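*Asks:* I am attaching a structure below and will ask some questions about it afterwards.
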Amino acid sequence: LEASAAVNRAADGGVTPLFIACETGQLECAQLLLEAGAAIEHPMDDGVTPLSAASFNGEIECVRLLLEAGAAVNQADSEGRTPLYGACQQGLLEVARLLLEA
């Protein structure tokens, strides 16, 4: 990042570094990317956002980070699935509770 890496550059399918960090629970990396200006709402080609990815995978600390940074809690993907939908589908009560309180 210090060498001006493109924090919002997307790979195939629209995957960004922030998306990968949140999907896999890499909290410190996600924090660093947000501080460097990563787009919090940048969706993949199918509309899945970093918040949805973190929610669907139970990465509660990344969910909390994204919500605190202003992520849209009700943004749906191309199939109409919201972060709350994914958390409920996976039985992730703690994530669902956090999303409902946002």
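Cβ atoms here come from the backbone N, Cα and C positions, even for glycine.
Per TrEMBL, repeat 'ANK' is recorded for 13-45, 46-78, 79-102.
So where do these features actually land, and what's packed around them?
*Replies:* Sequence-remote contacts of a segment are chain residues at least 6 beyond its ends whose Cβ falls under 8 Å from one of its Cβ atoms, and for the repeat 'ANK' (13-45) they are 1, 7, 51, 53-54, 57, 59, 61-62, 65-66, 69-72, 75, 77.
Sequence-distant contacts of the repeat 'ANK' (46-78), counting only residues of its own chain at least 6 positions beyond either end whose CB sits under 8 Å from a CB of the stretch, comprise 13-14, 16, 18-19, 21-27, 30-31, 34, 40, 84-87, 89-90, 92, 94-95, 98-99, 102.
Residues 46-49, 51-52, 54-58, 60, 63-64, 67, 73 of the same chain sit 6 or more residues outside the repeat 'ANK' (79-102) yet have a Cβ under 8 Å from a Cβ within it.
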*Asks:* Reported in the order helix, strand, coil, what are the DSSP residue counts of the repeat 'ANK' (13-45)?
*Replies:* 18 helix, 0 strand, 15 coil
